[in-house]
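Notes follow once the structure below has been shown.
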Amino acid sequence: MSKAGITVATADPPAPAVRRLPRRRGIELALIVLAVLLSVYGYCAVGLAQHGTLPPGAAGYGAGLGVLALLAHLAVRLRAPHADPLLLPIGVLLNGLGLVLIYRLDLETPGDRAAPAQLIWSTLGVTLFILVVLLLRDHRVLQRYTYVCVVAALVLLTLPILFPAVNGARIWIRIAGFSIQPGEFAKVLLAVFFAAYLAANRNALAYTGRRLWKLQLPTGRVLGPIVAVWLVSVGVLVLERDLGTSLLFFGLFVVLLYVATGRTGWIAVGLLLAALGAVAVGRLEPHVHSRIETWLHPFASIEAGEGPNQLAQSLFAFAEGGMLGTGLGLGHSVLIGFAVKSDFILATAGEELGLAGLSAIFLLYGLLVERGYRAGIELREPFGRLLAVGLSSLVALQVFVIAGGVTGLIPLTGMAMPFLAQGGSSVVTNWAIVALLVRVSDSARRQYDGPGTR
Amino acid sequence: MTRHIRHAGVFCALLLVALLLNAARVQVVQAPEYDRNPANRRPDIARYEEPRGDILVDDRPVTGSRDTREHLRYERTYTDGPLYAPVTGFASQLYGTTLLEKAEDGILSGTDPMLAPFPLWNDFTRARSRGGDVVTTLDPAAQRAAYKGLAGHKGAVAALEPSTGRILALVSAPSYDPQPLSGNGAAATKAWRRLNVDPDRPMLNRAVRQTYPPGSTFKVVTTAAALDAGVVRDLDAPTGSPEPYTLPGTRTRLTNASRGCRDASLREAFTLSCNTVFAKLGVEVGATDMTATAHAFGFNDPALRIPFPVARSTFDTSLDQAQLGLSSIGQYNTRATPLQMAMVAAAVANGGQLREPYLVERTVRPGGSTLAASGPRAVRQAMYPSTAVRLRALMREVVENGTGRRAAIRGAKVGGKTGTAQHGLGNSGTPYAWFVSWAQGDRDLAPRVAVAVIVEEAEADRGDISGGGDAAPIARAVMEAVLAHQR
């Protein structure tokens, strides 16, 4: 690969011999320090607002987060020196902010301390990040495990059926006091599978098979396995009543199919299927039906004299925040009730940080996604491109579905806000996604460097 | 493939834009509407997050705040709740606020923009100022005397300082303790229900929110009108009134409770409280002048606030002669709040000038610096000064020789007028006992206090009910309490 690069470059005299991209590890370090400082600042602000004193654990919290972030940075410096310098700091900042918000909400709900557990999970997540960066020298290795991934994903998805439902959804397994949401891990594995399969079969998908009106239908042998996997996963999720994740998988599938084949028709088919599915599920499934009703009339329960529902409380919280927010620790997000640390944690961000803070959080996610897409565009081989696009799209879709849900843009589907929300599986998974994006972006930017830079 | 990745990227960007626009919609455009939603508890929580400012009587707070450590954190407390309830009202987390708590809510709760260190400061910082205090004009001794005097009765007392309009006492009986209403628990609900079904209506502020037929006390107004209009020039000249007096255009014959009213002079008629003479005088003055005088005293004014609104006292403006005659002795559609009748006495005591009554001396910041001081309000000339001088003499005679002897205070000039108001269907109700008066200490240059007292359903035989018997001693106690203060 690098030899070919050199021949091309030298054949073109006015261009420099190699286009050497700056590595910018120093910038990454500076941004990480900034992210840690911002999180510690938020932590202190919560303590000052609630008790008038600095919280006793501020130094420990800052040191812990700082050490974790620095170790991750060292791993990147060592094994992925060309990686995009924004990915890791965004992860640190979002994770740190999530810890602050969860700590802040812990103060309102004395019986339920979630921040320590979240800190442990974050440590695990960063450890996984470091391991992936250190051990996975080339993302293309993953292509070898295409079918391992899909089997593992399906197993993880079906596992919770054996466990009792929690809050109406069978998406948890409980082992030794820990509850794990295997669907979270499954989404990374599925993204890897979709990317690998589509990368291997994209020509067959795009150019073989019969033509039906404007749509080129691929042969069943090529399309069959992937549709089967997708149908099984969505079907399982519907059984488990995890509609948010099934929507996520559907979106991921359509996006990757479109990018791999370049056929706009797939989007049309996808949208049509999505619409049909939405109408069918909305009609038949009472749980979903009530959520759509709630979305259309968020204040109906107030008019009915039953008091505000969660969505109404969430909207009240956002409204209270206004432009600049009430300030960390000064809102009343506990009124939102249960799920305030997971599904509805964004409402606390909106209330206490205001539209300014909320927009900043959205833009951070947007930046993370954009950096992922950029790596995908810069890469030359299809698996890496699809992997980068798939992982970034996972983040984008998940943020949209959950943020759109709690702000009343779309019907609510319970899902965890990446990095922010309480939930161990989610934090670990998102760190894995960032690790893979770091790895992919390292490959993407290394292509430009000459030989010997490895 | 690159092109399609870009397309997918644009799609993600559109999702982001949708989120941002929707967040702006919720947090900026719709926010005021959401904030106003009655199910939104946040405004309530913010309201009770800080202790409320206090209401001060004689520079001592009669209210307080209790930290409940609940969501709605601070609850109102009251010292001497029943004594000051007709002034403070209540401040309840469930049932809102009334009276001063309501009228001065902006100051007390800290939302008044005047409390902010700079204009728009609080809007910008989202801070809420600490509540300011409200200093009342009340004289605690007078208030206590009135409250004690009314104990066991239904009724009300209003006392004013004639030269300024400061309200010195405002009592309604039976009263209630506003404290149990402060919170939001079951106790508050229970207290609210109990107070609302009580047939004695303890939460009714009889001094300012209830109107009564003023009965003979209204003869002060009729006298002022007759003297101002020149219908009577000599207090001692016979008025040529028959007894009984047949109301013009009817066969209704008006009689008197006391003898000696036939052809009595105004001085005699005032002292004896002759219905016949005053009905005839009112008819002679005519509807226009009677209405004008009543209006000058404050009748028919719907806008009176002290600073909470006072019920409108009425003198009917479209009357035939017979109705005018009845109205002139405080019957028919004539109705007055006790505060209104105190204003009548105060106007007489103040040389014919009526000062609008007020209850809030000043409002102060938490530190104690003055925010706003009320000072005496607009003056209204209720009658000529010469008329006031003659009315004062008439009222003093009532106390010295007439029906108001029980209001006399040793070493002080006291003027008064009794009243016994018929009411109910065919005058079947137990009459109301009225007394309006003013008092001037021996070292005072002008009257220091004007009082109106009404006692409903006085515990006496029907025949004995009279302003002089039941209401005058209460008025005396209030006036003594005020005069006892050395200035």
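Our numbering is plain: 1 for the first residue shown, then up by one each step along the chain.
Here the Cβ of each residue, glycine as well, is placed from N, Cα and C on the backbone.
Sequence annotations record features per position, and here TrEMBL assigns transmembrane segment to A:29-48 (among others). Taking Cβ pairs closer than 8 Å, the transmembrane segment (A:29-48) reaches residues 54-55, 57-58, 61-62, 65-66, 69-70, 73, 85-86, 88-90, 92-93, 96-97, 99-100, 103-104, 107, 327-329 in its own chain, all 6 or more past its ends.
If one looks beyond the transmembrane segment (A:54-74) by at least 6 residues along the same chain, the residues whose Cβ comes under 8 Å of a Cβ in the stretch are 25, 28-29, 32-33, 35-37, 39-40, 43-44, 46-48, 88, 92, 95-96, 99, 103, 119, 122-123, 126, 129-130, 133. What TrEMBL records for A:54-74 (among others) is transmembrane segment.
According to TrEMBL, the feature transmembrane segment maps to A:86-105 (among others).
Look at TrEMBL and you will find A:117-136 (among others) tagged as transmembrane segment.
The transmembrane segment annotation in TrEMBL covers A:145-165 (among others).
Tertiary proximity for the transmembrane segment (A:185-201) is limited to same-chain residues at least six positions away from its ends with a CB under 8 Å from its CB atoms, namely 142-143, 145-147, 149-150, 152-154, 156-157, 222, 225-226, 229, 233, 245, 248-249, 252-253, 256-257, 260-261, 381-383, 385-387, 389-391, 394, 425, 428-429, 432-433, 436. Per TrEMBL, transmembrane segment is recorded for A:185-201 (among others).
TrEMBL lists A:222-239 (among others) with the feature transmembrane segment.
Sequence annotations record features per position, and here TrEMBL assigns transmembrane segment to A:245-261 (among others).
Here TrEMBL flags A:266-284 (among others) as transmembrane segment.
The transmembrane segment feature in TrEMBL is assigned to A:344-365 (among others).
If you look up TrEMBL, you'll see A:386-410 (among others) marked as transmembrane segment.
The feature transmembrane segment is assigned by TrEMBL to A:416-438 (among others).
The stretches the transmembrane segment (A:344-365) and the transmembrane segment (A:86-105) are in mutual contact, each linked to the other by at least three Cβ pairs under 8 Å (pairs 6 or more apart in sequence). When Cβ-Cβ distances below 8 Å are used as the criterion, the transmembrane segment (A:386-410) is approached by residues 139, 142, 187-188, 191-192, 194-196, 198-199, 244, 247-248, 251-252, 255-256, 259-260, 295, 298, 311, 314-315, 318, 343-344, 346-347, 350, 362, 365-366, 368-373, 375-376, 379, 416-418, 430, 433, 436-437, 440-441, 444 of the same chain, each at least six residues removed from its ends. The transmembrane segment (A:86-105) shares more Cβ pairs under 8 Å with A:416-438 than with any other stretch in the list A:245-261, A:266-284, A:416-438. Outside the transmembrane segment (A:266-284), and at least 6 residues removed from its termini, the chain residues within Cβ reach (under 8 Å) are 215, 238, 243, 250, 253-254, 257-258, 292.
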